[in-house]
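One structure below.
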Amino acid sequence: MVRYFIKVKGKVQGVGFRKYTKKVARKYSIVGWVRNVNDGTVEAEIQGENEDVDHVIKALHRGSSSSKVHSVEVKKKKGLKNYNSFKILYNSKV
């Protein structure tokens, strides 16, 4: 099991990117969260098996059909969180 913090830049707000992220995360049994940030980016924290996390990161690089991803920053985090699902957050608190 691994955990990553991800920041996605580009046209990623108002285009269904969080919903897309949640759908992909659930497909691969990933837990964590995704949220919009005031600077126009999307942040996510994902946790799961190495191979499944890799699939999600690749999908975030591709983006949803109406998004345009310019860059994806991926940082490995130490330890695991006690997440039990994948959620869209609608405020800045995790």
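Cβ coordinates are placed from backbone N, Cα and C, and glycine is handled just like the others.
TrEMBL annotations: computationally assigned, not manually curated.
Across the domain 'Acylphosphatase-like' (3-90), DSSP classifies residues as 24 helix, 36 strand, 28 coil. Annotation comment: TrEMBL describes 3-90 as domain 'Acylphosphatase-like'.
Summarising the environment of Arg18 (active site), the number of other Cβ atoms within 10 Å of its Cβ, over all protein chains shown, is 21. What TrEMBL records for Arg18 (among others) is active site.
The Cβ of Asn36 (active site) has Gln13, Arg18, Val42 as same-chain neighbours under 8 Å, each 6 or more residues away in sequence. Per TrEMBL, the feature active site maps to Asn36 (among others).
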